[in-house]
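Asks: My questions will all concern the structure given below.
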Amino acid sequence: MLKLIIPSIMLIPMTFLINKKSLLWTATTFFSFLIAALSTLTLNMDVAEHNSTNPLLSIDQFSCPLIMLSCWLLPLTIMGSQAHMKTEPITRQKTMISLLILLQVLLCITFGASNLLMFYIAFETTLIPTLLIITRWGNQKERLTAGLYFLFYTLSASLPLLLALIMIQTHLNSLSIYIIPLSNLTLLLNTPWSETLWWIACFLAFLIKMPLYIFHLWLPKAHVEAPIAGSMILAAILLKLGGYGMIRMSSLFIPLTKDLAVPFMIIAMWGMIVTSSICLRQTDLKSMIAYSSVSHMGLVVAGIFTMTPWAWSGALAMMIAHGLVSSGLLCLANITYERTHTRSIFMNRGLKTLFPLMSFWWLMMTFANMALPPFPNFMAEILIITSLFNWSNWTILLLGLSMTLTALFSLNMLIMTQHEHPNKHAPVNPSTTREHLLMLMHMAPIILLIANPSAIMI
């Protein structure tokens, strides 16, 4: 862990010591790629299930793939932000890159924390750089409203979680995620309603972060108003903090979760259908991708609450695969927006004739979003759907309708943007090597996961 955290921290002063604009982006991208490559070598969990570097930090089969994803996304966000930031003064460019690096450090600490209080502190601290990125570098004035939604939705559930953790510390004198399961937490409470309140306090912060349908209103606003780097990190990593926290907490509340999670599972599956239907009516590309994320994360919520090994493996695989695919789709939407200056699907028709090479990446990312075989999304959905069907036969109706709607809006997005008659645009610049490399770096891990899916299996 420290092999990743310390070099990442040292990237921040290095960023401020570089004075040339051309060297700034090249150097930070190169060194962040080195850290990402280092993560694939150091975070090898084939030998042991648990590897602790100190009492506060450790990695296991849940945290290892998510830390690797966090490290991999940093150079991609830096590459994706170059065109957006080139007109800014060099001081603001350095500030933006430093915030992205700080966010990676906080995410690595969050996923690697073995103490729940340290996990909570890092989990909440990720809010600060994300909020700064959205409110400072967003395009429209609505970014301030989006920042407020993001802030208050996240903070509203933070205090109950902190109180629940303090209560655990008071009774057990420990917040280690490896010691708490050895004791029965349910014996600490005397009444059923207090057990219910305690369980909700522990899970509400993560359900909002996922976000569960009914708590999702902050996500489309934040996605649409954030710059490309903010959108990529939000979709690829920050939503996964909720899933990771739910997996950690579920292992601590096994008897309670099986009894209390049923309403949230039903809401999650119903939310998949509703958000997929909303995607069919969306005209904004980024908003469509945001609602698509709510739909996919609803499947993860339902899978985690079944409390089966298959579902947890599928949830982890879905979080990794969705992180890469949604980030890739947002990059494609941003590449189009930088040339046509609109996110409307109706204004961005017939892009295949304008950017013939980019249409290949649109095709691949759309198929992955639809969870077609052999993409890892397909494997993840099969594992989760099998577990949910084993939990209740009636879930096949909700899940079948949701999968159909997902395929419909994904194909609608692909056909409308690529195969319709093109609108009359002002002359646009062709796609660049940097943009194709950016998409290749999204696609490469997906191809590797197709070849070796056991890398993200529990």
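For all residues, glycine too, the Cβ spot is worked out from N, Cα and C.
Got these off Swiss-Prot a minute ago, pasting:
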type	residues	note
TRANSMEM	23-43	transmembrane segment
TRANSMEM	59-79	transmembrane segment
TRANSMEM	99-119	transmembrane segment
TRANSMEM	148-168	transmembrane segment
TRANSMEM	174-194	transmembrane segment
TRANSMEM	197-217	transmembrane segment
TRANSMEM	227-247	transmembrane segment
TRANSMEM	289-311	transmembrane segment
TRANSMEM	315-337	transmembrane segment
TRANSMEM	355-375	transmembrane segment
TRANSMEM	396-416	transmembrane segment
TRANSMEM	438-458	transmembrane segment
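Describe the structural surroundings of these features, if you would.
Replies: If you look at the transmembrane segment (59-79), the same-chain residues 6 or more away from its ends with a CB under 8 A from one of its CBs are 1, 4, 8, 25, 28-29, 32-33, 35-36, 38-40, 43, 45, 49-51, 97, 100-101, 104, 107-108, 111-112, 228-229, 232-233, 236-237, 240, 244, 247-248, 316, 319-320, 323-324, 327, 331, 434, 437-438, 441-442, 445, 455-456, 458.
Panel annotation: around the transmembrane segment (99-119), residues 1, 4-5, 8-9, 11-12, 15, 28, 32, 52, 55-59, 63, 66-67, 70-71, 73-74, 77-78, 81, 125-126, 129-130, 132-133, 165, 168-169, 175-178, 180, 229, 233, 237, 241, 244-245, 248 of the same chain, lying at least six beyond its termini, place a Cβ under 8 Å from a Cβ of the stretch.
Counting same-chain residues at least six beyond the ends of the transmembrane segment (197-217), those with a Cβ under 8 angstroms from any Cβ of the stretch are 123, 149, 153-154, 156-158, 160-161, 163-165, 167, 189, 238-239, 241-243, 245-246, 249, 252-253, 256-257, 260, 264, 267-268, 270-272, 274-275, 294, 297-298, 300-301.
Tertiary neighbourhood of the transmembrane segment (227-247): same-chain residues 62-63, 66, 69-70, 73, 76-78, 80-81, 84, 96, 100, 103, 107, 110-111, 119, 123, 126, 130, 133-134, 137-139, 203, 205-211, 219, 286, 289-290, 293, 297, 300-301, 304-305, 312, 315-316, 319, 322-324, 326-327, 330-331, 334, selected by CB-CB distance under 8 Å and a gap of 6+ residues from either end.
Same-chain residues lying 6 or more positions outside the transmembrane segment (438-458) and placing a CB less than 8 Å from one of its CB atoms are 61-62, 65, 72, 75-76, 79-80, 309, 312-313, 316-317, 320-321, 324-325, 327-328, 331-332, 358, 361, 364-365, 368, 374-376, 379.
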Asks: At a C-beta cut-off of under 8 Å, are there same-chain residues at least 6 beyond the transmembrane segment (289-311) that contact it? List them, or none.
Replies: 207, 210-213, 216, 219-220, 222-224, 235, 239, 242-243, 246-247, 250, 254, 257-258, 261-262, 264-265, 268-269, 271-272, 275-276, 278-279, 282, 318-319, 322, 326, 329-330, 333, 369, 381, 383-384, 386-388, 390-391, 395, 399, 402, 406, 409-410, 458
